[in-house]
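S.K.: Got a structure here, written out as structure tokens. Questions coming.
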Amino acid sequence: MTIMRKSHPLMKIVNHAFIDLPTPPNISGWWNFGSLLGLCLVLQILTGLFLAMHYTSDTTTAFSSVTHICRDVNYGWLIRYMHANGASLFFICLYIHIGRGIYYGSYLYTETWNIGILLLFLTMATAFVGYVLPWGQMSFWGATVITNLLSAIPFIGQDLVEWIWGGFSVDKSTLTRFFAFHFILPFIITALAMVHLLFLHETGSNNPLGIPSDCGKVPFHPYYTTKDLLGAILLLMLFMTLVLFFPDKLGDPDNYTPANPLNTPPHIKPEWYFLFAYAILRSIPNKLGGVCALVFSILVLALLPYLHTSKQRSLSFRPLSQTMFWALVSDLIILTWIGGQPVEPPYIIIGQVASILYFSIILILMPMAGLIENKMLKW
């Protein structure tokens with residue numbers, strides 16, 4: 001008689017994905033972030049569902065409905081802050097997950113990598129439309145500025161913007177449709193995450209050495225279930241510390257002022273996790289050029305499998321490429337800082353240099369470092 005988990009049609013799928021999955025024996029803590037992203041997604045869907053029960057997507061009542069959630073709903077303040085800070089946590093895990101993929105050459109699993117990029121785009125879209133919903137000052141003006149960027153598209157730009165707005169400005173219809181998008185997108189993300197896993201399990205996981213580990217794989221359970229559980233506990237401790245002690249640390253004070261189309265905030269800026277892209281957008285004086293740079297700053301990740309020049313997969317034994325990688329991380333931190341600063345000297349030139357450096361490292365310097373290291377292997 002076979003074990004039920006191996007014979008039952010539903011249990012069999014779970015078994016192949018999370019129990020008997022052959023896993024490399026040497027994957028480090030950096031491989032925990034995939035499961036942590038799953039945890040973040042579940043957390044966001046659950047808290048979002050409870051918020052949607054009390055939220056109203058109408059310009060006259062949206063702001064007061066969020067206030068009502070925080071003041072009158074049982075533990076509404078907790079659900080609201082868990083959802084708001086959960087987005088930040090999601091992006092922290094997401095950026096570390098992408099960074100690990102770049103460092104250890106996981107992008108060579110092209111299908112998994114490309115679906116990951118699509119997931120990143122969808123997550124960014126979800127976060128953007130979600131940020132508009134509380135209908136505070138920064139929500140309204142953020143929506144106005146970012147949707148207006150589409151008007152840079154030749155011929156159809158202006159029509160496209162008005163079609164998305166549902167009128168001639170960001171108004172009631174915009175808020176209603178953004179709420180609809182914000183509700184449906186996480187479920188599309190969940191479905192795509194399953195496809196992401198499906199493609200990953202076709203090839204098996206990469207490992208820190210970047211070499212095949214078929215000869216020494218171990219079952220996922222109990223080794224990596226316990227390891228993922230430890231990661232989840234540590235992450236939740238960090239998360240609840242943020243939610244309970246510093247709930248507004250990552251938010252914008254302007255969002256505690258109701259949206260007013262007649263009063264523009266002095267500095268319009270997105271949440272911290274979009275600041276690097278916002279800095280790249282602002283560093284180009286031309287509107288269409290800025291929009292193209294903004295999109296390409298994420299799309300450039302899709303070129304990584306084709307820019308891989310090294311004979312080795314991982315950066316573990318490639319000091320020159322490691323230097324380039326950490327220069328890229330430092331550059332992204334600088335871009336994030338610049339994105340939050342006003343458009344004035346010296347921030348303008350710093351942003352422009354950092355933007356050029358960002359594309360140079362990915363498109364030129366890292367492939368060159370790979371070629372130099374190939375030469376060094378022959379010495």
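Using N, Cα and C of the backbone, Cβ positions are placed for all residues, glycine too.
Pulled these from Swiss-Prot:
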| type | residues | note |
| --- | --- | --- |
| TRANSMEM | 33-53 | transmembrane segment |
| TRANSMEM | 77-98 | transmembrane segment |
| BINDING | His83, His182 | heme b b562 binding site |
| BINDING | His97, His196 | heme b b566 binding site |
| TRANSMEM | 113-133 | transmembrane segment |
| TRANSMEM | 178-198 | transmembrane segment |
| BINDING | His201 | ubiquinone binding site |
| TRANSMEM | 226-246 | transmembrane segment |
| TRANSMEM | 288-308 | transmembrane segment |
| TRANSMEM | 320-340 | transmembrane segment |
| TRANSMEM | 347-367 | transmembrane segment |
S.K.: Please report the distance from the Cα of His182 (heme b b562 binding site) to the Cα of His97 (heme b b566 binding site), rounded to the nearest angstrom.
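M.R.: Computed Cα spacing between His182 (heme b b562 binding site) and His97 (heme b b566 binding site) is 23 Å.
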S.K.: At a threshold of under 8 Å on Cβ distances, which of 33-53, 77-98, 178-198, 226-246, 347-367 pairs most often with the transmembrane segment (320-340)?
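M.R.: Result: 347-367.
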S.K.: Taking the Cβ of His196 (heme b b566 binding site) as the reference point, list residues of the same chain whose Cβ is under 8 angstroms away and which are at least six residues distant in sequence.
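M.R.: Correct list: Thr112, Ile115, Gly116, Leu119.
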S.K.: When you check the transmembrane segment (178-198) against the transmembrane segment (226-246), do you get at least 3 Cβ pairs under 8 Å, counting only pairs 6 or more apart in sequence?
M.R.: no
S.K.: Expressed to the nearest Å, what is the distance separating His83 (heme b b562 binding site) and the residue listed as 'ubiquinone binding site' at their Cα atoms?
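M.R.: Approximately 30 Å lies between the Cα of His83 (heme b b562 binding site) and that of the residue listed as 'ubiquinone binding site'.
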S.K.: Given the cut-off of 8 Å on Cβ pairs that are 6 or more apart in sequence, determine whether the transmembrane segment (33-53) and the transmembrane segment (113-133) share at least 3 such pairs.
M.R.: no
S.K.: Could you give the residue numbers and ranges of same-chain residues that sit at least 6 residues beyond the transmembrane segment (77-98) on either side and whose C-beta is under 8 angstroms from one of its C-beta atoms?
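M.R.: For the transmembrane segment (77-98), the list is 30, 33-34, 36-37, 40-41, 43-44, 47-48, 50-51, 66, 69-71, 116, 120, 123, 127, 130, 235, 239, 242-243, 247, 250-251, 271-273, 301.
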S.K.: Quick one: of His97, His201, which of the binding-site residues has the smallest count of other CB atoms within 10 A?
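M.R.: Selected from the binding-site residues His97, His201 on minimum Cβ neighbours within 10 Å: His201.
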S.K.: When DSSP states are folded down to helix, strand and coil, where does His97 (heme b b566 binding site) land?
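M.R.: For His97 (heme b b566 binding site) - judged by DSSP and reduced to three states - the answer is helix.
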S.K.: Among all protein chains shown, how many Cβ atoms are found within 10 Å of the Cβ of His83 (heme b b562 binding site), not counting that one?
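M.R.: The Cβ of His83 (heme b b562 binding site) has 21 Cβ neighbours within 10 Å.
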S.K.: 10 Å Cβ neighbour count around His182 (heme b b562 binding site)?
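M.R.: Here the count is 22.
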S.K.: Whole-number answer please: how many Å between the C-alpha atoms of His97 (heme b b566 binding site) and His201 (ubiquinone binding site)?
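M.R.: On Cα coordinates alone, these residues lie 17 Å apart.
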